[in-house]
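Note sheet for the following structure.
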Amino acid sequence: MLAAVVALMACIGSAQAEDGYALWMRYVPLDAPLAAAYRTQLAEVVAPDHTPTQRAAREELERGLAGLLGSAPPMRVAAATGPAVVLGTPQSSPLIAPFGEQIASLGGEGYLLERTRLAGHDVVLVAARTDIGVLYGTFHLLRLLQAGAALDTLAVRESPQLGRRVLNHWDDLDGHVERGYAGRSLWEWQTLPEWRDPRYTDYARANASVGINGTVLNNVNASAQSLAPEYLDKAAALADLFRPYGIRVYLSARFSAPIELGGLETADPLDPAVRRWWRDKAAEIYSRIPDFGGLLVKANSEGQPGPQDYGRSHAEGANLLADALAPHGGVVMWRAFVYAHDVPADRATQAYTEFVGLDGAFRPNVILQVKNGPIDFQPREPFHPLFGAMPRTPLMMEVQITKEYLGFATHLVYLGPLYEEVLHADAHARGKRSTVAQTLTGMAGVANIGNDRTWSGSHFDQANWYAFGRLAWNPGQSAADIAAEWAAMTFSPDREVVQPIVGMMMGSREAAVNYMTPLGLHHLMARGHHHGPGPWVDGGPRADWTSVYYHRADRDGIGFDRTARGSNAVAQYAPHVADRYGDLQQVPESLLLWFHHLPWDHRMASGQTLWDELVRRYAQGVRGVEDMQSTWAGLRGRVDAQRYAQVEAFLRIQRREAQWWRDASVAYFQSVSGRPLPEGEATPPHPLAWYQAQQSPSAPGDGR
Ligand code: BDP
């Protein structure tokens with residue numbers, strides 16, 4: 001009887017169906033005693049409401065407090081009559097004016113949260129130099145309240161470490177999202193600019209809540225059309241909606257747009273007519289979007305047009321656009337993801353070779369956008385050797401939030417640890433310890449957002465959007481802390497919910513590495529769409545789109561020799577780093593086969609041979625997923641039924657696909673090595689040919 005009552009109460013506690021739309025801004029009622037305490041401390045809100053950003057902050061706080069506390073406190077504009085939250089800048093609020101000095105060094109986006117006394121009342125201050133700082137501070141306060149933090153000793157000073165924190169949408173104008181696993185594009189180009197879907201504002205709220213301050217609306221494989229006047233009007237409508245939330249709109253530009261849109265015969269960056277065309281285009285953009293952020297360009301990469309089509313360098317190409325944008329304050333984000341099929345050099349070396357000599361040749365408003373690793377968003381890569389190697393060029397690090405190579409939206413893989421690993425890596429720039437983060441001026445994240453009700457294709461993929469924003473704001477944060485705050489807001493602040501979820505999240509990336517590409521292996525996914533295993537992929541248009549190019553396994557051994565005996569990619573790193581990666585004694589096992597080709601009998605730290613260890617790692621990856629399944633099962637009844645069920649089902653998909661990865665990979669590598677499986681490791685249930693015959697012709701998100 002008692003058990004039944006307890007079970008019933010648990011059900012009621014989590015009965016409300018949740019579809020994930022509210023993201024980490026659910027603002028569900030807090031426990032009664034906590035809500036009561038907050039109601040006393042935050043008896044009213046005093047906040048200006050003259051500008052759109054001021055209203056955004058005010059409304060967010062009102063919405064948040066109404067949800068968390070059961071009802072919103074009185075909202076005032078000028079004076080506090082009791083314990084209050086007081087929002088503002090020295091200009092917008094006379095109450096904040098006395099704190100001018102304290103906030104002087106916070107910069108344009110920073111804020112101060114402080115518990116203090118004002119006109120005889122205890123207040124919580126959210127003070128900043130700008131309205132947008134206040135909005136960021138408001139979201140911070142709401143984070144604390146959602147987690148049930150004590151306010152008595154509140155004293156927070158925050159400013160972003162990186163200036164540009166930008167999402168890259170790989171969205172096509174027809175609604176398809178390249179490498180998108182969360183439905184179709186959020187942008188309804190067809191109905192813009194007239195119809196301003198309220199979802200656009202929720203998108204802006206979510207981004208502002210984690211400090212993202214820019215968004216590139218369209219695919220880097222860009223259609224010139226996105227710069228045509230009618231599309232600029234549509235982009236301008238989005239910019240209007242995003243502006244109050246501190247988000248600037250950027251666009252991807254097709255380098256040959258002067259030909260396709262302008263009817264010119266060339267897109268040569270040194271041609272006067274081309275230069276004029278871009279100048280006019282920039283003026284046209286800024287007449288519609290006065291705070292337009294700038295252009296993102298993928299040039300001379302994977303078939304995209306670029307300056308090299310005219311014998312010009314990447315710097316000449318980037319500077320052409322930079323000169324057009326400079327009078328308006330815009331930037332060019334020029335991508336370093338460049339490699340050529342007719343260059344036989346190790347693909348991992350090509351971007352560095354192409355760009356390092358151009359350091360100092362770019363205009364000041366060019367930012368080089370470099371992927372986190374030298375290949376392509378693999379489950380694990382070493383950091384890109386360009387970080388730290390171009391001291392005179394501002395660099396942005398580009399990461400994928402969408403999980404093209406990490407099981408799409410159905411695999412639970414928290415990317416916080418991946419981002420953290422790269423950001424905290426020692427690039428050893430200028431001969432001394434310095435993290436990759438210290439070499440950056442911004443971060444770009446390839447968005448995992450679509451029109452799926454969950455936004456990101458799954459509940460846990462929301463955490464990757466969240467973690468991207470939080471780490472771009474402050475790369476020094478720990479992925480585990482970020483997971484904990486996300487889990488508290490997304491599921492429940494209850495420790496017994498947060499802790500197991502954080503455990504799942506923190507182990508998830510390593511599990512995926514193990515069941516897909518352990519020990520530094522990379523790029524072994526099926527061809528094209530990258531869904532599922534394809535370690536046997538060979539032939540086709542270019543060697544560096546095959547798996548055999550990367551793993552180089554044969555009867556004797558496996559791995560890509562990138563030491564001086566091989567491609568010598570290792571020499572692109574600072575000597576201190578190169579020594580470490582190039583030396584078998586020092587290289588971390590997690591990157592072993594990235595840098596070294598080794599015999600199957602090579603002894604690993606565990607004492608096992610490389611072959612045995614490899615096979616065991618695959619099984620370990622599958623076990624990691626099983627562990628997540630049992631942790632999640634333990635949360636039944638503590639998480640609302642709707643989200644519980646979807647996560648549970650997705651974990652089953654992940655479990656099945658992890659096993660598929662393990663079996664297919666073991667079958668394949670065994671066919672190459674000819675070795676017996678270590679004791680206790682099951683023979684794959686099908687012959688290799690069966691795995692090779694599996695096809696996923698309709699896998700989502702394919703490029704085209
Ligand atoms: C790869 C994707 C491809 C992108 C390319 C890029 O497979 O769809 O166009 O990166 O970043 O990861 O340009």
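Cβ atoms here come from the backbone N, Cα and C positions, even for glycine.
Given the structure is predicted, the values throughout are model-derived calculations rather than measurements.
Among the features that TrEMBL reports, active site, proton donor is placed at Glu302. Annotation note: Glu302 (active site, proton donor) sits in a coil segment as assigned by DSSP.
Secondary structure at Asp376 (active site, proton acceptor), as computed by DSSP, is coil. The active site, proton acceptor annotation in TrEMBL covers Asp376 (among others).
Taken from TrEMBL, the feature active site, proton acceptor covers Glu404 (among others). In the three-state DSSP classification, Glu404 (active site, proton acceptor) falls within coil. Cβ contacts within 10 Å of Glu404 (active site, proton acceptor), excluding its own Cβ and spanning all protein chains shown: 24.
Taken from TrEMBL, the feature domain 'Alpha glucuronidase N-terminal' applies to 23-141. Mean per-residue pLDDT, taken over the domain 'Alpha glucuronidase N-terminal' (23-141), amounts to 96.
Among the features that TrEMBL reports, domain 'Glycosyl hydrolase family 67 catalytic' is placed at 145-455.
Annotated domain 'Glycosyl hydrolase family 67 C-terminal' per TrEMBL: 457-680, in sequence order.
Annotation source TrEMBL lists region 'Disordered' at 674-704. Same-chain residues lying 6+ beyond the ends of the region 'Disordered' (674-704) with a Cβ under 8 Å from its Cβ atoms: 176-181, 221, 402, 404, 408, 526, 528-533, 536, 555, 600, 608, 611-612, 615-616, 619, 660, 662-664, 666-668.
The annotation signal peptide is assigned in TrEMBL to 1-17.
Most buried of the active-site residues Glu302, Asp376, judged by other Cβ atoms within 10 Å, is Asp376. A separation of roughly 12 Å, to the nearest angstrom, links the Cα atoms of Asp376 (active site, proton acceptor) and Glu302 (active site, proton donor). Taking only the Cα positions, the spacing between Glu302 (active site, proton donor) and Glu404 (active site, proton acceptor) is 17 angstrom.
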